[in-house]
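Participant: Below is one structure. I have some questions about it.
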Amino acid sequence: MTRAGLSPLAWLDEVETQRRAAGLRRSLRARPPVGTVLDLASNDYLGLSQHPRVIDGGVAALRTWGAGATGSRLVTGNTELHEQFEDALASFVGADSALVFSSGYTANLGAVVALSGPGSLLVSDAYTHASLVDACRLSRARVVVTPHNDVAAVARALATRDEERAVVVTDSVFSADGDLAPLRELHDACRRHGALMIVDEAHGLGVRGDRGRGLLDEVGLAGAPDVVMTTTLSKALGSQGGVVLGPAAVRDHLIDAARPFIFDTGLAPAAVGAAHAALQVLVEEPWRAQRVLDHATTLAQICGVADVPSSAVVSVILGEPEVALAAAMGCLERGVRVGCFRPPTVPAGTSRLRLTARASLSDDEMALAREVLTDVLSRA
């Protein structure tokens, strides 16, 4: 059969039909202006994306440095503001140094690939974020994926390896369920077997630890010489961008070896200025971290979730994709936006509503959440 005349994209129609049949078709919906819909879906955990000081920080940087970074950080994309923010964030979390990337995704890609490579072993939790999964795939290292939070499996992979170098990668707080990694136990395994540990604190920074310093701080691993922390600026800090924090030698190596850092345009100054201002607010208002957890506990009680949340994330498992999607749309029709996680983001049969608490939720907003969620979930 000749292929002449066939569209090279004809296969997309079949794929879309399959997605629709499985209830997995995704679409974009424009976010309305602030205040028109109650937001229980975003990752703006501390409510800082709309904070006046954070907005002012972004605007001031915009006026001083311009709209874009204009180049990679090794060319023209590095400013005093980037370096000041790196110093401030490193000091806050107890790290020796920090390096800002254009996103949390590229920070993970840069760190994992540059710190592993051919001839090394990567051990990854089965539930790590997609950015860590992709980093492992790009690394050209041998990759072992271990069952979720299975420290014994991690230790076995490290103990039986032939490779001299090994790296264990994990989230500190897992994004779909909001549960915590056993960081202390994982670190003990790494130390016994001479492995580096890379921890993504995207959902831990600003919520866990003393004054919101993250789960690494909470378990006494802040600044450990064999731990590298990555995080995003798009969640608790209400901006965007990513950071790798750790020993100064790691920062120096990433500047020379992390391809997303070398070849990507630097993070826009406005995003850096906003994140820096948000960090200052967090330092001055540490109550925000506990407020997030308090609101998450209330949301879990409203939804009938038995376990007390360990983070801002409240996961309400409903089973099939169409059930979760219908519940999410029912909430939106009543003025409440919630997240809807379906495969492949979560395993088949565990489609869910993913609610996120915010420190800035008012009593009236919590009352609306109770009214809408109670009604919608009673029908799900």
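The backbone N, Cα and C atoms fix where each Cβ goes, and this holds for glycine too.
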Participant: Look at the pyridoxal 5'-phosphate binding annotation in Swiss-Prot, where G104, Y105, D200, E201, A202, H203, T232, L233, S234, K235 are given, and name the residue from S72, S139, S175 listed for that site too.
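Facilitator: That pyridoxal 5'-phosphate site, as Swiss-Prot gives it, pairs G104, Y105, D200, E201, A202, H203, T232, L233, S234, K235 with S175.
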Participant: Quick check on the annotation: Swiss-Prot has R26, H129 binding substrate, so which of T265, T297, T298, T345 does it put in that site too?
Facilitator: T345
Participant: Please name the residue among the binding-site residues S175, T345 whose C-beta has the most neighbouring C-beta atoms within 10 angstroms.
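Facilitator: Sorting the candidates by Cβ neighbours within 10 Å, the top entry is S175.
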Participant: Using a 10 Å cut-off, grab the number of neighbouring Cβ atoms around the Cβ of H129 (substrate binding site), all chains included.
Facilitator: 23
Participant: Nearest to T345 (substrate binding site) by Cα distance: which of the binding-site residues G104, S175, E201, H203, K235 is it?
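Facilitator: Closest recorded candidate to T345 (substrate binding site) by Cα: S175.
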Participant: Could you state the CA-to-CA distance between H203 (pyridoxal 5'-phosphate binding site) and H129 (substrate binding site) to the nearest Å?
Facilitator: 11
Participant: In whole Å, how far does the CA atom of R26 (substrate binding site) lie from that of S175 (pyridoxal 5'-phosphate binding site)?
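Facilitator: So the Cα of S175 (pyridoxal 5'-phosphate binding site) lies 19 Å away from that of R26 (substrate binding site).
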